[in-house]
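K.L.:
To start, I am sharing the structure in question, which I have written as structure tokens.
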Ligand SMILES: Nc1nc2c(c(=O)[nH]1)N[C@@H](CN(C=O)c1ccc(C(=O)N[C@@H](CCC(=O)O)C(=O)O)cc1)CN2
Ligand SMILES: NCC(=O)N[C@@H]1O[C@H](COP(=O)([O-])[O-])[C@@H](O)[C@H]1O
């Protein structure tokens with residue numbers, strides 16, 4: 001696809017009202033553990049009535065595509081390296097996404113910076129999970145940077161996607177305390193466990209109509225959220241994780 005084709009696109013700015021289940025398209029680039037958390041939430045009817053209708057990866061051998069296939073979800077490889085430019089790729093990505101008529105686009109470890117044209121097409125119904133307490137540590141290598149700075153706390157954020165990289169309104173965060181023996185690897189593991197907790201919650205709130213994007217920022221039940229959104233403190237998150245773990249153990253013990 002060339003740029004010219006892309007520019008000939010017309011933007012159909014009509015977002016269909018959800019007729020049945022609210023339709024979710026997930027974009028990934030890697031292992032897909034956040035995707036798996038969303039799949040598991042959906043299977044336990046804890047995703048706000050949402051149904052993941054497609055998973056799209058810019059990396060053809062992303063393990064997340066295997067997870068999607070095993071869950072019976074359409075898994076699409078759309079390698080960005082096969083396109084001449086970021087604009088051409090995003091144009092192709094828009095077309096693939098639009099075929100599924102989503103109510104919500106979820107970035108789950110999607111490692112491509114999206115063009116303004118793409119963002120404007122889905123503005124207000126596109127979420128991302130980021131491995132830091134935004135606005136701290138936008139971009140990449142967040143765990144190593146937090147350690148280098150001697151950060152006392154760290155965590156993850158769900159935010160609306162805007163043209164500004166990792167600068168969109170934050171909706172929900174989970175915090176953890178950094179310990180003296182933490183490494184980038186241990187932080188990644190602790191942060192990811194919290195991501196798997198908060199991402200399904202944020203998606204559920206959006207699909208239930210409680211979470212909205214506005215010019216002033218993110219709103220929950222009509223109330224403007226603070227800059228860091230709602231935050232699960234390190235104690236809350238730990239308790240939630242324990243409860244979640246207990247629930248999982250109970251389920252396993254019941255077979
Ligand atoms: N316009 C926006 N695009 C994206 C956003 C956003 O908020 N606005 N969020 C990111 C997700 N992300 C961090 O959460 C992120 C992803 C990728 C990169 C990046 O530098 N990508 C490089 C390639 C890196 C690689 O291939 O390893 C690139 O695109 O050139 C930074 C942050 C998703 N997109
Ligand atoms: N800047 C984007 C970024 O770093 N996103 C991070 O990629 C990981 C994907 O893991 P997963 O593929 O196992 O869900 C997640 O930790 C997510 O926060």
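One is the number of the first residue shown, and numbering goes on along the chain from there.
Using the three backbone atoms N, Cα and C, a Cβ is placed for every residue, glycine included.
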K.L.:
Return the residue out of 86, 99, 145 that TrEMBL annotates for the same (6R)-10-formyltetrahydrofolate site as 111, 112, 113, 114, 128.
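P.N.:
Candidate listed by TrEMBL for the same site: 86.
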K.L.:
Other than 32, 33, 34, which residues of the chain come within 8 Å of the N(1)-(5-phospho-beta-D-ribosyl)glycinamide site, judged by Cβ distance to the Cβ centroid of those residues?
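P.N.:
Other same-chain residues near the N(1)-(5-phospho-beta-D-ribosyl)glycinamide site: 28, 30, 31, 35, 36, 37, 64, 67, 108, 109, 196.
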K.L.:
Going through the binding-site residues 33, 34, 86, 111, 113 in sequence order, which have a CB under 6 Å from an atom of ligand 1?
P.N.:
111, 113
K.L.:
Of the recorded positions 86, 112, 113, 114, 166, which ones put their CB under 6 Å from ligand 2?
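P.N.:
None, as no Cβ falls under 6 Å.
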